[in-house]
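K.L.:
Following this message is one structure expressed as structure tokens.
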Amino acid sequence: MTTPAPLTGLLPLNPEQLARLQAATTDLTPEQLAWVSGYFWGVLNPRSGAVAVTPVPERKMPRVTLISASQTGNARRVAEALRDDLLAANLNVTLVNAGDYKFKQIASEKLLVIVTSTQGEGEPPEEAVALHKFLFSKKAPKLENTAFAVFSLGDTSYEFFCQSGKDFDSKLAELGGERLLDRVDADVEYQAAASEWRARVVDVLKSRAPVAAPSQSVATGAVNDIHTSPYTKDAPLIATLSVNQKITGRNSEKDVRHIEIDLGDSGLRYQPGDALGVWYQNDPALVKELVELLWLKGDEPVTVDGKTLPLAEALEWHFELTVNTANIVENYATLTRSESLLPLVGDKAQLQHYAATTPIVDMVRFSPAQLDAQALIDLLRPLTPRLYSIASAQAEVESEVHITVGVVRYDIEGRARAGGASSFLADRVEEEGEVRVFIEHNDNFRLPANPETPVIMIGPGTGIAPFRSFMQQRAAEGVEGKNWLFFGNPHFTEDFLYQVEWQRYVKEGVLSRIDLAWSRDQKEKIYVQDKLREQGAELWRWINDGAHIYVCGDARRMAADVEKALLEVIAEFGGMDLESADEYLSELRVERRYQRDVY
């Protein structure tokens, strides 16, 4: 459970002032913070004449530096809960987002705790990429005086489960750090593991660190600490789906929907760059198929989080059915003694491949068995919400939120299958129907504070979504900064998402440049990374003029290919080798001039 962030209306500072104050005090020791506090007290309470001050005996209190490296918000919530636990224990703690951490100070850390998620092919979350690169570079310092602990969040449906946490843990040890605790790797259902780990961290730190006076306990963080809303992941807003429009052509191989959701008078606020969390209901037809394959009826009572529910209801609302994992396959094979699946158990690569290509219902179809209802429930993972990059700005749409949804559809031996959340939004929620949503704030994907700063946006496919939000915001504010969009998809006539809007922005001068890559409209495939290389000289001029670069879309292939192209452009037109170009791009990332929202 996290402690609610302070209501901005009750703070004497505005968000920008609060952010500057936090940035200015991040690196201060407790003694320095105490001095600054006394200094400001003296400014507010001037006295005439000399005042004798009795010095307070200096007390050395090792500070616990707590780094949150989050992609979807889960790692941040765990870190915030640990911060609250440490403060309650009167321990001196500084909480900082990985993107705000000045990693060159890591050599001076005495007590370091990292809570991290993993994205893509085992990569660190975006806000931790620079720190990760630094630790794995030749510049990384020895850490013989640092004691550390790592909590890693992941998803066993991915091959490189918790790889980011494994990387940080092994590298900190390799650099000479002392493990306070063994690393914990947590799956999607991480809450219980996180709660136990937090208690252990508090215990071990209390045994090592002198207790700080409560008045000297300090917690700092990024600007997202000031976000507050009565609607959260665990208490979502029941909103109304008002528009469901297919925005790909009749002959397109893709089914992409423009979804508009009415937030009513909820007061729910978001910024360009944020994501919308959507809770969904599994397809009742899929539930019926799975239940019948296991020779069950659906009305069998099962226990879910201490409550008794009918099996069908539990499957529809509480468990993941459309994403299989290696753990589920292994457990099902062991439980049923399946002759076809047991040989996979000893082969990690084959097991992972099978899970990635065979939905749960088809695993049961191909390897039938009879399970009781509770055994089935115990086999599955809890349902989790899906996050979609927001494609609108409230400066234009007010009490609405828009998202761009690529509907997942495929066949398994002639049987139609679909993604859980995307098909729920596209096929099963009627217009004016209810949908449970919340805002996942993303302060690592924000427009420049200076409206005159040029912006380069790279977003193929549904990665276009946040840039629609960006342009709505910049158009509404009438900003003068230049905007350049790189977009790509298979076909111009079928897959040009929001075509009329982009053309209008070009005509109005809001969008300064647009480069389009259609991969299937000619013999040679052309992608956005090819357009980046083609426009390399002009791209470098924009970067030299202070442009911010944004990338959104597929993490597995596109993001890596785009980064490679950017490095080549920087090396060629910046007159440097690839290693120097990589350092240059890392500096842009640290300066928040290179931001990615990849998934």
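Positions of Cβ are set from backbone N, Cα and C atoms, glycine also.
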K.L.:
If Swiss-Prot says Ser519, Arg520, Lys525, Ile526, Tyr527, Val528, Gln529 bind NADP(+), which of Asp495, Asp545, Asp554, Asp561 does it name for the same site?
P.N.:
Asp561
K.L.:
What kind of secondary structure is Gln529 (NADP(+) binding site) part of, going by DSSP in three states?
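P.N.:
DSSP call for Gln529 (NADP(+) binding site): helix.
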K.L.:
For the domain 'Flavodoxin-like' (64-202), what are the DSSP-based totals of helix, strand and coil residues?
P.N.:
58 helix, 31 strand, 50 coil
K.L.:
So, in DSSP terms, is Arg520 (NADP(+) binding site) helix, strand, or coil?
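P.N.:
Arg520 (NADP(+) binding site) sits in coil per DSSP, no helix or strand.
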K.L.:
Count the Cβ atoms, other than its own, that fall within 10 Å of the Cβ of Tyr527 (NADP(+) binding site), considering every protein chain shown.
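P.N.:
A count of 19.
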K.L.:
Of Ser117, Thr404, Gly406, Gly419, which is closest to Ile526 (NADP(+) binding site) if I measure between C-alpha atoms? They're all binding-site residues.
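P.N.:
That would be Gly406, nearest by Cα distance.
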K.L.:
From the Cα of Ser70 (FMN binding site) across to the Cα of Ala421 (FAD binding site), what is the distance in angstrom?
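P.N.:
So the alpha carbons of Ala421 (FAD binding site) and Ser70 (FMN binding site) sit roughly 22 Å from each other.
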